[in-house]
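Peer 1: Structure provided below as structure tokens; questions to follow.
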Amino acid sequence: MKKRREDYIGWDEYFMGIALLSAKRSKDPSTQVGACIVNKENKIVGVGYNGFPKGCSDDNFPWDREGEFLETKYPFVMHAEQNAILNSIKKLSDCTIYVGLFPCHECAKSIIQSGIKEVVFLSDKYDGTDSNKASKMMFDSSGVVYRKLNLSEIKIEISFKEEDI
Ligand SMILES: Nc1ccn([C@H]2C[C@H](O)[C@@H](COP(=O)(O)O)O2)c(=O)n1
Ligand SMILES: [Zn+2]
């Protein structure tokens, strides 16, 4: 009897992989973030990536990081976590959100209020900033747990070639 493959990816790699693939849709030239929300049955209930709201053209709104506030992307851009929550089916209690970057304080509030109970992230590059501290204070107080994945050894290649399917 032929045995099953052993080198299949685990749930963490799978869901974070989907978050990273979603990030590839982002038009932000500096930072692309993706998020994937999963329920207790390991079913995906929402995905999203950072970008401007509907009706706000990727070509007419600014992608700049510096300058006058209204000339930067910051007042306009929706974060990946917000989009994943808004794109999801509405019952998110006890779900887990996989996101490339640790959530900012605004996303932390949405995550908590949506009922999501776990945050899994790859990078915490803003650790120590006030926004990051506020996120952690709110998560700790509300019982939302967070954990960092260390998948730096893993590289997944996807081929769209017909002959590779
Ligand atoms: N957890 C996060 C953090 C940031 N984003 C988005 C928002 C911006 O489009 C970009 C950050 O811009 P930067 O200041 O690094 O140029 O990433 C997000 O979606 N989720
Ligand atoms: Zn955010």
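A Cβ is built for glycine as well, from the same backbone N, Cα and C atoms used for every other residue.
TrEMBL lists these features:
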- 10-132: domain 'CMP/dCMP-type deaminase' (DOMAIN)
- HIS79, CYS104, CYS107: Zn(2+) binding site (BINDING)
- GLU81: active site, proton donor (ACT_SITE)
Peer 1: Reported as an integer number of Å, what is the Cα distance between CYS104 (Zn(2+) binding site) and the residue listed as 'active site, proton donor'?
Peer 2: 9
Peer 1: Using a 10 Å radius around its CB, how many other CB atoms surround CYS104 (Zn(2+) binding site)?
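Peer 2: I get 17 for this one.
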Peer 1: Whole-number Å distance between the CA of GLU81 (active site, proton donor) and the CA of CYS107 (Zn(2+) binding site)?
Peer 2: 6
Peer 1: Work out, from DSSP, the number of helix, strand and coil residues along the domain 'CMP/dCMP-type deaminase' (10-132).
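Peer 2: When I sort the residues of the domain 'CMP/dCMP-type deaminase' (10-132) into the three classes, I find 37 helix, 25 strand, 61 coil.
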Peer 1: Would you count the other CB atoms within 10 A of the CB of CYS107 (Zn(2+) binding site), including those on all shown protein chains?
Peer 2: 26
Peer 1: Neighbourhood of the Zn(2+) site (HIS79, CYS104, CYS107): other residues with Cβ within 8 Å of the Cβ centroid, in order?
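Peer 2: After dropping the recorded site residues, what remains is ALA80, GLU81, GLN82, PRO103, HIS105, GLU106, ALA108, SER110.
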Peer 1: Once near-sequence residues are set aside, which residues in the chain of HIS79 (Zn(2+) binding site), 6 or more away, have Cβ atoms under 8 Å from its Cβ?
Peer 2: VAL33, ASN50, PRO103, CYS104, GLU106, CYS107
Peer 1: Could you give the mean pLDDT over the domain 'CMP/dCMP-type deaminase' (10-132), rounded to a whole number?
Peer 2: 97
